[in-house]
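Features reported for this protein in TrEMBL:
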type	residues	note
DOMAIN	70-287	domain 'ABC transmembrane type-1'
TRANSMEM	12-38	transmembrane segment
TRANSMEM	73-96	transmembrane segment
TRANSMEM	108-129	transmembrane segment
TRANSMEM	161-185	transmembrane segment
TRANSMEM	219-240	transmembrane segment
TRANSMEM	266-286	transmembrane segment
Amino acid sequence: MPNSIWKKVNIKAYLFLLPTIVLIMTFSYYPAISAFYYSFTNWDGFLTAKYIGFKNFEIIFTSEEFRQAFLNLFWFSAFNVITALTFPLFVALLIYKVKHIKLQNMYRLLFVFPMVVPGMVTILLWQFILNPDVGLINSFLAAIGIPDEQLPLWLASMKMALPSLLLVGFPWISGVYVLIFLAGFQSIPGSLREAAIVDGANGRTLFFRIELPLIMSQIKLIMILTIISVIQTFSLQLVLTNGGPANKTTVPGYIMYREAVTNSQLGYACAIGVVLFIMIFSLTVINNKFLKSSTEFER
């Protein structure tokens, strides 16, 4: 094809991409870049922003509320990583072991179908389940003879609020993660399994020595996706506890939302967003480095 025609094709391609690029720059890159600027200011979103240096960041790293928020974030991250790397992996392995293709597809659809339910609906359902007066859990406990004064308050209890939020999402089987693990199992060459079986490997040895090491890329991917999701998400705190009681369930993302929307401290909220961005970016870079080396090893 002549160069002149190639140039015309390229120009048309760029013109088609231009609206998308403009939208991304306007609604994604510009707000992200401006957040770095406003993180060094005292700004309410309306009046002129006043430069205050690193004061917002000093508040973040010296605040007792943020110490508790980052501690809670650690527990949320640890719990969600453990559940994300166990329950979906187990389900994916069971589906993979089903040799009948149509039956395997049916099971796969069964675990993916709950993804159509909005996350907010699930949270509101758990709000009802954990209700201390008419919730399903306390109703069951009362039915088996536990006195009313001994029934837990769940979301309002200093000791039970955080475990209650961790309980939301039971049985912790993400359809997306099941598909990722299943794709990893299906990408393993059958010749490796056959050779291991010929050498006398049983099911346990086959899983821990052959299959698990060869899906390490999927494991690392799910780990970083889970951590990023935990850092960014605060819907549980917003709907169920408002960060309470006494900051026992608060996380940095919820504080960012509260300062921006309720207190009109957008400069402070931008500083929190910058800290979370640096955390996510650092974890992503580290994960991509190990993920790349793992992929090269497998090849």
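Residue 1 is the first one shown; counting continues down the chain.
Here the Cβ of each residue, glycine as well, is placed from N, Cα and C on the backbone.
Beyond its flanks by at least six residues, the transmembrane segment (219-240) meets 73, 76-77, 80-81, 84-85, 88-89, 119-120, 123-124, 126-127, 130, 155, 164-165, 168, 177, 180-181, 249-254, 256-257, 276, 279-280, 283-284, 287, 290-291, 294 of its own chain at Cβ-Cβ distances under 8 Å. Between the transmembrane segment (266-286) and the stretches 12-38, 108-129, 161-185, the greatest number of Cβ pairs separated by less than 8 Å involves 12-38. Only residues 6 or more beyond the boundaries of the transmembrane segment (108-129), in the same chain, are considered here, and those with a CB under 8 A from a CB of the stretch are 91, 95, 135-137, 155, 167-169, 173, 175-176, 178-179, 182, 235-236, 239-240.
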